[in-house]
Every structure is written in C-alpha cells, then in structure tokens.
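Trainee: Can you keep this structure in mind? I'll have questions shortly.
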Amino acid sequence: MNIVLLGAPGAGKGTQAAKLVEEFGTPHISTGDILRAAVKNQTELGKKAKSYMDAGDLVPDSLIIDLMNERFQEPDAQVGFILDGFPRTTAQAVALDDMLARLERPLDGALLVDVESEVIVKRLTARRCCKDCGYIGSDADASCPKCGGEMYQRDDDNEATVRNRLDVYEKSTSPLIDYYKGKGLLKAVDGDRPVDEVYADVKVALGL
Ligand code: AP5
Ligand code: ZN
C-alpha cells in the first residue's frame with residue numbers, strides 16, 4: 001500500500017492511519033510526528049521548525065523535502081507507506097512525484113478525509129495525545145486508554161492557532177485535491193462520522 005492521506009488539520013488522518021497500521025502493518029510516515037520529535041530532541045531541524053509549528057504555519061518546503069528524501073531511504077519505507085501530512089504544497093507534491101519515480105514506487109491513491117471547519121475547531125481544541133504511545137484521544141480521556149500513559153495537549157491545538165492552520169490548509173494544501181484528481185488518484189470519504197464508520201469507507205475507497 002503506497003498512499004497519501006489528505007485533509008484539513010484535525011480531519012482524522014492520524015486516527016485513520018493508526019487503524020490502517022494496526023490492520024495492515026504498513027509504515028505510517030507523519031511529517032508532523034517527525035517534526036515534533038525533532039523539536040523535543042532539539043535537533044537542528046527541530047530548532048528551525050519550531051516557530052513555524054507554534055504559529056500554525058508551514059515549515060519551509062526545502063526542509064520538508066530533505067526530511068522526506070531521508071525518510072524514504074529507511075528500510076521500512078521499502079515495504080509501503082501511509083503518508084500523513086505530506087505533501088502539503090504543490091511544490092512538495094511535485095517533489096514527491098520525483099522521489100517515487102526514482103524509487104519506482106507509484107502511488108496507489110490519495111485519500112481525502114473530508115470534514116468541515118467548525119467541527120475541526122471543536123475536535124482540535126479537545127484533542128489530547130498520549131506522551132508514551134502516541135494514542136490520539138480527547139479531553140474525555142483522563143489517561144491513555146491504550147497504555148495508561150499521561151495525556152497532553154499539543155502546543156498548536158489552541159483555537160487561534162487552529163484557525164490559522166485551517167487558513168493555511170485552504171490556501172496552500174487544498175489545491176492538492178485537484179492535483180491528485182487530475183492524476184486520477186483522488187478518493188474521498190466523509191470524515192464527520194464515527195471513527196469506525198469512516199474507517200469502513202476508507203477501506204472501500206482504497207479497495208482493501
Ligand atoms: P501535523 O501534525 O501534520 O498536523 P495537522 O495536519 O494539522 O493534522 P493533525 O495531526 O492536527 O490532524 P489529523 O487529521 O491527524 O487528526 P487526528 O486523527 O489527530 O502538522 C503539525 C505542524 O507541523 C503543521 O502545522 C506544520 O507547521 C508542520 N508540518 C507538518 N507537515 C508539514 C509539511 N509537509 N510541510 C510543512 N509543514 C509541515 O484527529 C483530531 C481529533 O479528532 C482527535 O482528538 C481525534 O480523536 C478526533 N477524531 C478523529 N476522527 C474522528 C471522528 N471520526 N469523529 C470524532 N472525532 C474524531
Ligand atoms: Zn498511550
């Protein structure tokens with residue numbers, strides 16, 4: 001399985017990716033997770049990316065493209081991949097096409113998880129994530145239902161930053177819907193339904 005997950009921040013890309021990983025074992029490559037780890041470990045990449053992420057703006061394309069070129073060299077990415085949060089601009093999508101052509105690994109599809117903005121603002125301001133296993137939950141979870149770990153709120157999940165992330169999505173990322181439509185690769189699911197119903201549609205859309 002070689003797929004791209006598209007959709008606004010908070011549409012449920014990470015949630016659906018976790019279900020695909022659990023069922024199919026395909027590597028989940030999330031640029032957001034890679035960047036947050038880099039910020040936490042205070043690497044050079046993390047130091048450069050932090051201010052953009054805190055503001056809800058995009059990290060410059062050149063940093064992201066270098067990061068993904070490296071990530072595709074790792075052995076697990078040879079098995080397949082679920083790309084989550086990449087590409088996010090047309091320049092990144094063109095770079096991805098080049099990377100995949102070099103690797104001779106064509107995309108099977110680009111799956112859009114579609115959810116409208118006001119639902120997203122509610123979801124993201126309530127989102128909490130597990131410090132230990134990365135489980136994505138909400139403020140209804142006192143501790144992680146998977147491992148008992150402590151739940152925390154991402155720095156960019158406050159309302160003002162969420163609204164900026166939605167604007168950035170509209171302006172810079174939503175043109176990728178037409179980009180993949182033009183290549184005959186776009187598939188879409190309604191993401192504003194219970195997680196398991198969305199997942200059932202995801203599998204149908206991807207022919208799994
Ligand atoms: P990133 O980490 O990619 O954030 P994002 O795209 O904003 O996406 P999210 O992780 O917020 O949302 P999601 O769609 O995965 O939703 P989730 O499943 O968690 O990026 C963060 C930052 O890094 C960016 O702002 C940017 O600065 C930088 N960055 C990353 N990649 C970059 C790139 N390629 N180029 C440049 N910069 C980049 O779900 C959200 C919530 O909703 C959860 O609480 C969940 O439990 C709940 N939920 C999920 N599904 C449902 C459902 N069906 N019903 C009800 N609730 C649900
Ligand atoms: Zn956990």
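Glycine too: its Cβ is placed from the backbone N, Cα and C atoms.
In TrEMBL, annotation is done automatically, which means it is predicted and not curated.
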Trainee: Do you know which of ARG71, ARG127, ARG128, ARG154 TrEMBL groups with GLY10, ALA11, GLY12, LYS13, GLY14, THR15, ARG193 in the ATP site?
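Mentor: TrEMBL names ARG127 for this ATP site.
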Trainee: According to TrEMBL, THR31, ARG36, ASP57, LEU58, VAL59, GLY85, PHE86, PRO87, ARG88, GLN92, ARG154 bind AMP; which of ARG102, ARG105, ARG165 is also listed for that site?
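Mentor: Given THR31, ARG36, ASP57, LEU58, VAL59, GLY85, PHE86, PRO87, ARG88, GLN92, ARG154 bind AMP in TrEMBL, the matching entry from ARG102, ARG105, ARG165 is ARG165.
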Trainee: Given ALA11 (ATP binding site) and ARG88 (AMP binding site), what distance in Å do their CA atoms have, once rounded to a whole number?
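Mentor: It is 14 Å, counting Cα to Cα.
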Trainee: Could you check which of the binding-site residues VAL59, ARG127, ARG154 have their CB within less than 6 A of ligand 1?
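Mentor: Cβ under 6 Å from ligand 1: VAL59, ARG127.
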Trainee: In DSSP terms, helix, strand or coil for VAL59 (AMP binding site)?
Mentor: coil
Trainee: For a quick check of understanding: among the binding-site residues ALA11, VAL59, which residue's Cβ has the most other Cβ atoms within 10 Å?
Mentor: ALA11
Trainee: In Å, rounded, how far does the Cα of GLY14 (ATP binding site) sit from the Cα of THR31 (AMP binding site)?
Mentor: 11
